[in-house]
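What TrEMBL records for this protein:
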BINDING   Cys6, Cys9, Cys21, Cys25  Zn(2+) binding site
Amino acid sequence: MTKRPCPMCKKPRSEQFTPFCSARCRDLDLASWFDESYAVPGPPALPEDQSRDN
Ligand SMILES: [Zn+2]
């Protein structure tokens with residue numbers, strides 16, 4: 001098996017936090033995932049207001 005580095009900081013990964021090197025990098029990755037799903041909520045919250053203003 002090839003040893004892959006931590007995807008966050010490219011340091012050698014830790015077995016405990018694989019595939020990351022530390023809890024910090026793991027949390028960073030989780031946070032970025034959370035951020036992305038947060039940033040894709042779908043349609044705007046108030047579409048009706050805009051069409052009504054037409
Ligand atoms: Zn790392």
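Using N, Cα and C of the backbone, Cβ positions are placed for all residues, glycine too.
Taken residue by residue with DSSP, Cys9 (Zn(2+) binding site) is part of neither helix nor strand, so it is coil. Excluding Cys6, Cys9, Cys21, Cys25 themselves, the residues of that chain whose CB lies within 8 A of the CB mean position for the Zn(2+) site are, in sequence, Pro5, Pro7, Met8, Lys10, Lys11, Arg13, Phe17, Phe20, Ser22, Arg24.
Taken residue by residue with DSSP, Cys21 (Zn(2+) binding site) is part of neither helix nor strand, so it is coil.
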